[in-house]
Amino acid sequence: MSDGRVNADQQQQENMVKPPVKRSHTLLIVTYVCLFVGSIASSLLAKYYFVHGGSSRWVSTWVQSAGFPLLLTLIYFPRYVFKTTTRRPFTRFTRRHLIFSVLIGFVLGFNNFLFSWGTSYLPVSTSSLLLSTQLVFTLILSAIIVKQKINFSNLNCVVLLTLSSVLLALGSSKDKPAGLTKTKYYIGFVSTIGAGLLFALYLPVTEKLYRSVYCYAMVMEVQLMMELSATVFATIGMAFDGGFREMAKEANHVFTKGPTVYWTVAIFANVVTWQLCFAATSGMVYLTSGITGGICMTALLAMNVIGGVVVYGDEFGGVKIVSTVLCIWGFSSYIYGMYMKMKEEEKEKGEYSGVKTTEDGGEMEVEMGKVKDDVAAADDRV
């Protein structure tokens, strides 16, 4: 009896930590649309800051996370404004969630700093394609950290996207802005690669953390703490490097578009789009997996390349054309592999990559996770 009671208590505790989470395909689509808009807009606006006279990499780092208060709308509005859930914000947000969120946030802050260095020196198209190198490390780290299975579909995608970056590295030495020294160019090159590697670590680590997360709103709570930590990292750097004084100087005397455009576009719009990008990334990792989230982001790199060519007039020669084609080819092959796997598993088990489709009242829903308990199902709508 005693053992049975202990096992029952352990099972009850596990269910309290990971109750069922049902999500519609619409939420997944909306999340990817937000990722699409946020990724492209943030990359272009990050470059916009440097193109028109901005020079502080700490300012560029700070704006990537300073918009974390915007996440409060996704945390509190569902309960107090839209009345779509009875769950109180930060319910079941444990000390473990807090500690890991803070640690990951500081790593994310350093990642943002490396990205700012790369963006300040490299064209948007070059930095975007270089970031695709994170995918191979995402796959390796996902296999180690979250036991991601390596199959032909994801391996083929990783090989093609990595080859795309290698070709770019070999053929982009002439793709430097006027006046940029070879030393600074390679600093930007290495910084961008470093940012990609840290992001590759970020994806599977957050996926593992999200396995103990209760619902989508709680994902935003974890993300809020990560972005707060990243902002603390950037604010310390800003304070020591005189970044806040430099913002006022840039706005009034340096930025070529004037102070109004500086504060509204180079700063505020940057803050908003970066939060949209990071929040959507977390949503994709939670709803699917770290490797799928990484592949989806890498698929947007081709659009970033085209955006850099259209908006900033970046060169688009033969090497970039081949790299972009390989990028699109790799993603398309992965999507096709996912589609075939989905069709096969729907016939056999009705499951797909940890996402189980179920019929509920005639509507198809997505059930995330493996917990079968039905406790607090009404709270899972957000």
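Cβ atoms here come from the backbone N, Cα and C positions, even for glycine.
Note: TrEMBL annotation is automatic and uncurated.
For reference, TrEMBL has these:
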type	residues	note
TRANSMEM	26-46	transmembrane segment
TRANSMEM	58-77	transmembrane segment
TRANSMEM	98-117	transmembrane segment
TRANSMEM	129-146	transmembrane segment
TRANSMEM	153-173	transmembrane segment
TRANSMEM	185-203	transmembrane segment
TRANSMEM	215-240	transmembrane segment
TRANSMEM	260-279	transmembrane segment
TRANSMEM	291-312	transmembrane segment
TRANSMEM	318-339	transmembrane segment
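Count of Cβ pairs under 8 Å against the transmembrane segment (318-339): among 98-117, 129-146, 185-203, 260-279, the largest is for 129-146. Residues 60, 64, 115-116, 119, 124, 127-128, 216, 265-266, 269-270, 273-281, 283-284, 287-288, 296-297, 300, 303-304, 307-308, 311-312, 366 of the same chain lie 6+ residues outside the transmembrane segment (26-46) yet bring a C-beta within less than 8 angstroms of a C-beta in it. Taking every recorded stretch in 58-77, 98-117, 129-146, 215-240, 291-312 and counting its Cβ pairs under 8 Å to the transmembrane segment (260-279), the highest total belongs to 58-77. Between the transmembrane segment (58-77) and the listed ranges 98-117, 129-146, 185-203, 215-240, 291-312, the one holding the most Cβ pairs under 8 Å is 215-240. For the transmembrane segment (98-117), the list of distant contacts is 46, 57-58, 60-61, 64-65, 187-188, 191-192, 194-195, 198-199, 201-202, 205-206, 209, 222, 225-234, 237: same-chain residues at least six beyond its ends, Cβ to Cβ under 8 Å. Sequence-distant contacts of the transmembrane segment (129-146) (same chain, six or more residues past either end, CB-CB distance under 8 Å): 118, 122, 154-155, 157-159, 161-162, 164-165, 168-169, 189, 192-193, 195-197, 199-201, 203-205, 207-208, 211, 289-291, 294-295, 298, 301, 305, 320, 323-324, 327.
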